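Now, the feature entries from TrEMBL:
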- His303: active site, proton acceptor (ACT_SITE)
- Tyr69, Tyr187, Arg222, His303, Arg306: glyoxylate binding site (BINDING)
- 122-124, Ser151, Gln185, Thr213, Lys279, Ser301, 334-338, 357-358: FMN binding site (BINDING)
- 43-408: domain 'FMN hydroxy acid dehydrogenase' (DOMAIN)
Amino acid sequence: MSAFSSIIIEINFPSAVAAKAQAGTQESATDAKAAETVQAVEEIVDNPVCIKDLEPIAKRKISSSAWSYYSTGAMDEETMRNNVDSFSRIRIRPRVLRDVSNIDTTVTLFGHTYASPVGISPTAMMKLCHADGEAGVARAVAGLNQAQTLSTFTTMSLEDVAKAARSVPDYPFKSAARIPNLWFQLYIVEDRHKAEQLVRRADAAGYSALVVTVDTPQLGRRLHTIREPFKLPTDMTHANFEGNSDSLAAINTAVDASVNWNRDISWLRSITKLPIIVKGILTAEDAELAVQAGVDAIGVSNHGGRQLDSVPSSIEALPEIARAVKGRVPIILDGGVRKGTDVFKALALGATYVCVGRPSLYALAYDGEEGVRKMLGFLNEELRLAMTLAGATKVKDINRNFIRAETEYSRL
């Protein structure tokens, strides 16, 4: 070995040792941080105190395929993110020195008085989250006197879910013709006979409203599920249909792109006396058409950002729809609701009832029926607190005077 080589070794060796030591230190720091994160999540598992705490728990508990299906949206997911973020651009204007010793969160809809203006949106295939599935959610809402909209594409039959709601101890509607806490969501599938069968089955089972999803003539382009195609596990089925429709392709081929105002709303009205809610409205023009078509309520929704990306968030679309409707029919909003203050803001902007979708899945993954009960409890108590601190004693008193919400979209 030459003297030159020897010198190089003598000079560089300490640097190499130092670099290795530094790398080891960084790796240890990274491991320590990861361990702290795991510990923090484990602590949350023991005592989640808000919906935000439930999301990381759900991610750990369900399969990566199910998580990808539930947690992602269409294309770049602009709308999905904006659904949540839009609420932060709205400010509450609280009133003080008002008697708020008695807060009333009840709201009357379709002739029934619910304990809270918060319910569950239709979400598909709930047994992917927990064995309690849709029945667990039904028991939770029935026990709390809130509402669940059951998806067409469930992992438990609509009849079994109805039985679950009636099984709640001391449930006042055990033998009643209608279960006010259960609504049924319908895709008007291409086979009208199948669609009619679903409506008649829901009617016979006691569901109290029909929620017609109108924003899905075709499934949106969801890049995550294109990269990782979703299929139901072999031990699950779309229980409201014959056979095992085990892929999203089955849903995509079932929906009908020809559904329209002139034919299909009147057709539904001819086969059921249930209240009809049209879900998926984002414009004043369609809200007016819905009222003219004789619907009983309007659902302001962008399908959780899973259909057409770059549409307004639900809360952004709500003001123009409320102005168009002018109180003629109730307005039900879903999309991005994560806190009681979000519910308050939606009510102030014209919603009658507010629903959550993904949070119900997070809650179900956390602890089945009890998890859903806990999640709804978060929202109910947070809403009650928001009303107390804002100076509104009744849901009907919450109006635009309680908020300031001016965005570029609202000025268009």
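Cβ atoms here come from the backbone N, Cα and C positions, even for glycine.
Feature annotations (TrEMBL) mapped to structure.
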{"residue": "Tyr69", "record": "glyoxylate binding site", "Cβ contacts under 8 Å, 6 or more apart": "Leu128, His224, Thr225, Phe230"}
{"residue": "Pro122", "record": "FMN binding site", "Cβ contacts under 8 Å, 6 or more apart": "Thr149, Leu150, Ser151, Thr152, Gln185, Val211, Thr213, Lys279, Gly357"}
{"residue": "Arg222", "record": "glyoxylate binding site", "Cβ contacts under 8 Å, 6 or more apart": "Thr72, Gly73, Ala74, Arg306"}
{"residue": "His303", "record": "active site, proton acceptor", "Cβ contacts under 8 Å, 6 or more apart": "Thr213, Asp215, Thr216, Gly220, Gly280"}
{"residue": "Asp334", "record": "FMN binding site", "Cβ contacts under 8 Å, 6 or more apart": "Ser121, Gly299, Val300, Ser301, Gly304, Ser314, Val354, Cys355, Val356, Gly357"}
{"residue": "Gly336", "record": "FMN binding site", "Cβ contacts under 8 Å, 6 or more apart": "Asn82, Asn83, Val84, Asp85, Ser86, Phe87, Ser313, Ser314, Ile315, Asp342"}
{"residue": "Arg338", "record": "FMN binding site", "Cβ contacts under 8 Å, 6 or more apart": "Ile51, Lys52, Val84, Phe87, Val356, Pro359"}
Among all the protein chains here, how many other CB atoms are within 10 A of the CB of Gln185 (FMN binding site)?
27
Have a look around Ala124 (FMN binding site) and count the other CB atoms within 10 A of its CB, chains all included.
20
